[in-house]
Amino acid sequence: MRGISSLSLNVLRLFMGALLYLVVLAIYGIPPLGTRGFLILISSALIGFTLGDWLFFESIKILGVSRAALLVTPYPILTMLLAHIFLGRPLTIQIGVGAFLIILAVTILMGESREGRLDPRGVLFSAGAQVLWAAAVVMTDWLVTGNNPLVIAGLRISFGALGALIFVPKILPDVRRMAVMNWATVFLVAFLGTFLGHCFFTTAIKEAGSSIATPAAESSPILAALLAVLFLKEPFTRRLLYAIILTGVGIILISTG
């Protein structure tokens, strides 16, 4: 988004998302997670939304958006492995092949861009981000067992927003020069992505498990590219066609695996 850094956008959408989730928490209340449960919940929020996202945005500054996004595409496979090891989630060859096809599709699509340089620090930041994201998702998988996924999502976003307070001094210059349209865009991102998107994703984790929900959600760049073709009149390329086919096959394999 023009006029605001990616870090500022991420912090502000967490703040707004937390405010939106207050309604959910007011309706359903706080679940009796116990000390262990709350420690895991807070850890999942901080390592996923605060540390993980920060490492990813640092990698973007070094490598550029496309290369940074490309380097974190394997994180669903890491999530599947961790979920299988720690939670006993299913890990079949069919699910693994489906996840690989989706990651390959995203890789093909991202390969259209040549921006950024391959700096070792950026690669390290990207690797750290995907390890933290995978751990946070597996923790969420454990948390939603026997609990309302909307409440777990709301609590994770809220604690993530609290952790993001450390970035407030860095984003203040952006906040001071934001126009009304910038605020409207941030709110839309927070409502659609942080609120609704996280509701759906956390519910998918509860219903299907993180080993299936995470690789399926990784196909979102393909949908974004399709929407850009439909509404922003961007070209429909051969790479996008291949990515759509691979994603479709991958999702079918995962859903039937």
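Glycine is no exception: its Cβ is also placed from the backbone N, Cα and C atoms.
Heads up, TrEMBL stuff is auto-annotated, nobody curated it.
Under the heading domain 'EamA', TrEMBL lists 2-110, 121-256. The transmembrane segment annotation in TrEMBL covers 12-31, 37-56, 68-87, 93-111, 123-144, 150-168, 180-205, 211-232, 239-256.
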Residue list, the transmembrane segment (239-256) vs rest of chain: Cβ under 8 Å, 6 or more residues beyond ends.
-> 94-95, 97-102, 104-106, 108-109, 111-112, 212, 215-216, 219, 222, 225-226, 229
Most CB pairs under 8 Å with the transmembrane segment (180-205): which of 12-31, 37-56, 150-168?
-> 12-31
Do the transmembrane segment (68-87) and the transmembrane segment (123-144) come close, with at least three CB pairs under 8 A (pairs 6 or more apart in sequence)?
-> yes
Does the transmembrane segment (93-111) come near the transmembrane segment (150-168), with 3+ Cβ pairs under 8 Å (pairs 6 or more apart)?
-> no
Residues sitting near the transmembrane segment (123-144): Cβ under 8 Å, six or more positions beyond its termini, same chain?
-> 33, 37, 40-41, 43-45, 47-49, 51-53, 55-56, 58-59, 62-63, 68, 71-72, 74-75, 78-79, 82-83, 86-87, 89, 152, 156, 202, 205-206, 209-210, 214
Tell me the residue counts in helix, strand and coil for the domain 'EamA' (121-256), as DSSP assigns them.
-> 119 helix, 0 strand, 17 coil
Per-residue pLDDT averaged over the domain 'EamA' (2-110) comes to what?
-> 88
Counts of helix, strand and coil residues, the domain 'EamA' (2-110), according to DSSP = 91 helix, 0 strand, 18 coil
